[in-house]
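K.L.:
This structure is in C-alpha cells; I'll ask about it shortly.
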Amino acid sequence: MPVQAPQWTDFLSCPICTQTFDETIRKPISLGCGHTVCKMCLNKLHRKACPFDQTTINTDIELLPVNSALLQLVGAQVPEQQQITLCGGCGAEDTKHYEEARKCVEELALYLKPLSTARGVGLNSTTQSVLSRPMQRKLVTLVHCQLVEEEGRIRAMRAARSLGERTVTELILQHQNPQQLSSNLWAAVRARGCQFLGPAMQEEALKLVLLALEDGSALSRKVLVLFVVQRLEPRFPQASKTSIGHVVQLLYRASCFKVTKRDEDSSLMQLKEEFRTYEALRREHDSQIVQIAMEAGLRIAPDQWSSLLYGDQSHKSHMQSIIDKLQTPASFAQSVQELTIALQRTGDPANLNRLRPHLELLANIDPSPDAPPPTWEQLKDGLVAVKTVVHGLVDYIQNHSKKGTDQQQPPQHSKYKTYMCRDMKQRGGCPRGASCTFAHSQEELEKFRKMNKRLVPRRPLSASLGQLNEVGLPIGAPDEGPMDLPPRKPSGLPNGIVPGSSVTQLISRSTDSGFESVLKPVKLDHLSSSAPGSPPELLDSVPKTSMSALPVNAHPAASRDLPPLPVSKQIQMVPRGSQMYAPPPADTFYQECRGAGPPFDAAPYAQGVYYPPQSSQCVSRFVRPPPAATEPATAYLDHYTPYLQDRVVSTQYGTPTQQYQAIVPTQYQPHYDNRRAYPSNAPPYQREELVRASPVPLEMPPAAVSPYVAESRERYQGIEGYYTHPGQIRPSYHREPYIRLPPQHTAQPHPSLDDLHRRRKEIMAQLEERNVISPPPFAPSPTLPHSFHPEEYLDEELKIPGNFKGNDYSQYSPWSFDTFGPYIGTKDNKSKDVSAGGNVEVANVDGKSLRDQRIELQRRATEPGEDDLIPFGDRPTVSRFGAISRTSKALYQPPGPMQQAMAAHGAAKSSITDYSLYSSHSGLSGPSYPTHQNLPSQGHLSERERLSKPLPTSEREQLRMELQQVNQQISQQAQMRDMEVATNRLLLREASSLGNQQQPPPQQPPAKWPSKVSSKQLSLELHQVEREIGKRTRELSLESHSLSMKSKPDTIKVENGQLDDLPLSFSSEVPNGSGLTQDITLSKTASLTLSEDPQAGGDKSDLMRSGVNSTAAP
C-alpha cells in the first residue's frame, strides 16, 4: 500500500551524488524531462540522455542554463545575468518573454524557501510554508522544468495548469464547511445504493470479499454477502446483510467483478484478475468513492480523504494520486464555476473574482502530452497567470481565512512531538517535513512536552471534583492553574488504607457496591509529584457509575454563597479495614449525608459555631442509595423530615426532605449481594431542568459540613440482607430527580420562619437524644415501636399530600423490626449474614453509629479477648454477604447487669429514645470527642467506661449558642410574618365584605400522639401550649392595633379550645396550619422528657442552661 512518499522533498540535492546544489561545481541543471542533476554528475554521463528515464538531451549541456530558482533556495549566489541562447528563429521579443517566465518561476519558488534547511536537505517544520503539500509538490514540479527545451516548456504549461487547478480547489475548500463534508459525502454514497461502514469495518469487509474470491471462484451475491456477514459478526456485531450488500454494490459499481448471468437463477460474480490483491481492490474502491464525491460537486482535500477512509493521516499521497487520475480537462472549468458560486454566496470579501480571467486562461491549456508546444508568449502568459492566482490564494489564507494553516497540522495525540526526530538528528533534515510527528528542535520538543501535560484527557471540572470528594482527596482552589497529571504508575490500596497522608485515611465499611466500584478499579497514589491540590492519576479509570455514589450536596446552589475551600484542608475517609481511628486527631468533623438544604446565607450561623483545627479535620463521606422520590405538587417548598423517635437529625442550615415512596414489605429480596451494583448508585443525570445529586462545586467549604451525624443504614447492609432497601431493587426502582430551587428562593437572604422552627426542633431532638438512656437493644421488649410507624402515629407534617406516601424507609432499623429477633439468636446466621455486622467499629462511618455503635460496644464488653478464635490474616475476608468479623463467635451476649438496670426505667421511655445512649461516642452533634482518643484499635469498651462519660461541655455550649441564634432568627422572621399577616387580613376583610361570606381555613385534624406518652406529660404540655398561644395572640393583637386593623375570625382551633390567629397565607406557606403549635409541643415534649430522666447525662439545670427550655417564639 503506498504511503506518504517523501522523495519529492529532496529537490535541493542532486539525485545522483546526493550532494546539495551550489553555485560553483554543483550547479543545478534542469533537463527537459523534468529531472535536475548537478553539472559535475551531468558531465560524467556516457551519453546525452537523462540517467533516470533515458530521455535524449537535445541541447548542448554547456548551453543549458543553471536553475536559478533552486540556487536561491539553497542560499547560493545567483548569477545576475546568464547568456541564454534560444533556438535559431527566436528574436529579442522571445528572449524577453523567456526572462519574464523565468522570473515568475523564481518568485513562485520563494514559497518553498521556508522548507529548506541550512544543509539544504529535507524540510524544516519550524517555519512551515503557507501552502499545502499538494501545492508544494506541484510547485516543485514547475521549478524543475527546463524552459529552454521544447519538452520542458510543454511540461511547464501542464504544471502551471495543474497548479492553477489545485489553487481553485484550495479556494473552494476555504469556503466549505468541513462539518458538512462527511455528511454530504456519505449521503451521496448512500444515494447510489452503496455504503461505507467506517475505516476498520470497511477494511475487514473488503479483505473478506477478497478471501472468498481471490482464487477465481464465482459466487452469487447472496452467498458472498452471507459469507462476509458470518465472518464479521464476532468482531462487528452490527454487520448486516443489507450493509454488506451495499459494500458489494460499491465494488460492483467500480467494475471489479466479472458477472456471469444464468437463466432463472442469480448471477455469479467473479473478481477480475487485476483486482485480486488488496492494494488494487482498495485503490479501485477508493477511486469509486472519490468519483461519487466529484459527481456530487464535493471538493475534499487529500488529508480529509485520508481521515475519512482510513482514519489516519498517512494516506494523503495515495488519495492525491487518485484525485489527480480522476481529473478531466472539463473538471478545471467546472471547479471555476463552483468557486464563482461560492463567492456569490459569501459575498467575496477578498475580491477573488479578479482571479477568474487568469483561472480561465489556465483552464484553456491543453493538458494532453500530444499538445503542440506553446509559444514564448503563451508560456509567459501562463506563468504570469499561475503566479497571480497563487499570490491570490496566499493572500486569502493569510488575511481572510478562518482556518489558516491549522488544517494542515496532523491531529495531536498524547505523544505528538514529544521525542526528537531520528532523521533530523542523523541526517540534519526530515523528509516528512511539517507532517512529521516528532520534534525537529529542542524548543519544539519542550513546547509539546509541556502542552502534552495539559492535554491529558480528564473529566469535566464538576465531575472531577465530585470524584475527588468521593475518594477523599484534597481539592485545590480554583486559581491554582491547570491540573497536571504526570503519567506514573499508581500504587495499590492496601486493605483500604490510603497511604501517604499524615493522618490515616479510612474508607467506609458500608457494603454499598457503588462505593466499592470507586475503590476497586482505582489505584490511588497520594504522593504524586504534582502540585498540592492537583487531582491524582485516577480520573480516566473511575467508572461513571460511581459519580453519584457519595452525594454530598443535593442542592448545588447552596454552596454559592459560601467561602472557598482552603487548599490545605485534608478531606479524609474511613476505610473498610479494622483500623478504626486516626491516631492523633483532636477533633472529628462529620458531614451531613442528607445533602444541604435551601441556599441560606451562611452568616446567621457563622458566629459561635465551633470549627476544629485544619490539621486534624476528618470529613467523612457517606454512601447512601438515593431514594425513589415522588415530587409533590408544590415542588419548591422546603419540606423537612419530621423528628421521629428513633431518628435524630440535625444540620447547620436545615436539611431538605428526602421524599420516599411507601415501603411494601413484599418488595424486599431474601438476600442482598453487596458485590452487585444496584441502580441506586447510578450516575446523576439531567432531564430538562430537573437535576439530582450534582457533585459539589469547587467552592464547597467546610462550613457547609454539619457537625451532626444523620441516621444512615449502610453500616449494616450485610445484616439487612434479609430486608433490603427498596432503592436497591431494580424491578421496582423508580427515580425522580430533584427539582432545582427557583431563582427567588436562591436569593433569599435569611432562612424562613418554618426553617428556623424546624432547626430549633432538631436541636431539641439532639439534646433529648443525648440525655436519655435506653435499654439493651436486644431485649425483646414488647413495647418497642415498629420501625415503620403507622400513619396515625406520625406527625402531621408527614401527611402532606404528595410529599410522603406511606413511611420513610430511611427510618428502618433491623433492630426495631419484630421479625428480625429470631435471626439474631440463631447461630447459623451469625456465621453468615449477621456476622457481617460483627465487625462494627466505633468509627462512625455513617450516621448509623447512633444505635449500631452501642450494639457493638455492648457485644464486645463481654468478649473474652481479641482474635482468640478466628485468627485471620491482615487482609479482610469478604464473602458474598459482606465482611466477616475477625472477632470471636460470641457475637451476641445476654444483657448484663447494667443493661438490666437500664431496662427498669420503663418501656414507654425507652421505646421513644431507643438507640441514643452512647451519643457521646458516636459524634452525633459535637465536633469534639475526647473519648475517641481513648478507644482501643478494635473498639472494645467496657460498659463502665461507656456509662461514665458525661456530655462534654463544649457540645452543650455549641448547641446553646446555636439555639440562641435560631431563636433570634425566629423572632426576626416572626416580625416580618406579622407585617404580612396584617396586610393579608386587610385583603381578606375587603373580600369578605364583597362576598358577605368568608370560608375559614380548613382545620387540621388534631395531632395524634403515640400512646406511650403519659397523661401527666400531656397536661403539662397543654398548659405550656396555652401560655405560648396566649402570648402569641397578644403580640398579633398589638401588631394589628398598630396598623389600625381589627382581628378577623380566621382562627384555627386547637385541642384546648384556644384561638390562634393564623391567616390563610400563613397556613399556605407552612406545610400545615398547625406547624407552630406542633413545634412548640415537640419542644415542650423534649424538655419534659429530659427533665424526668434521672439518669440523663445532665440534670434539669443543665438542660435549661443549654437552651432546651428557651424554645418559645419571641
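Backbone N, Cα and C atoms are what each Cβ position is placed from, and that goes for glycine too.
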K.L.:
Check Swiss-Prot for me: it has C14, C17 binding Zn(2+) 1, so pick out which one of C33, C38 it puts in that same site.
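P.N.:
Matched candidate out of C33, C38, per Swiss-Prot for Zn(2+) 1 with C14, C17: C38.
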K.L.:
According to Swiss-Prot, which stretch among 130-178, 620-668 corresponds to the feature region 'HEPN-N'?
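P.N.:
Checked against Swiss-Prot: region 'HEPN-N' maps to 130-178.
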K.L.:
Can you tell me how the residues of the zinc finger (415-443) break down into helix, strand and coil by DSSP?
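P.N.:
Here the numbers are 11 helix, 3 strand, 15 coil.
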K.L.:
By a Cβ-Cβ criterion of under 8 Å, what residues six or more beyond either terminus of the zinc finger (14-54) are in contact with it?
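P.N.:
Hits for the zinc finger (14-54): 61, 64, 66-67, 70-71, 74, 76-79, 119-121, 141, 144-146, 149-152, 155.
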K.L.:
Of all the binding-site residues given, C33, H35, which residue's CB has the most CB neighbours within 10 A?
P.N.:
C33
K.L.:
What's the number of neighbouring CB atoms sitting within 10 A of the CB on D53 (Zn(2+) 2 binding site)?
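P.N.:
D53 (Zn(2+) 2 binding site): 10 neighbouring Cβ atoms within 10 Å.
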K.L.:
Name, in the order they occur in the sequence, the residues of the same chain whose CB lies under 8 A from the CB of C50 (Zn(2+) 2 binding site) and which sit 6 or more residues away.
P.N.:
L31, C33, H35, I57
K.L.:
Take the mean position of the Cβ atoms of C33, H35, C50, D53, the recorded Zn(2+) 2 site. Which other residues of that chain put their Cβ within 8 Å of it?
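P.N.:
Other same-chain residues near the Zn(2+) 2 site: L31, G32, G34, P51, F52, Q54, T55.
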K.L.:
Roughly where does the zinc finger (14-54) sit in mean pLDDT, to the nearest integer?
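P.N.:
Averaged over the zinc finger (14-54), the predicted model reaches a pLDDT of 86.
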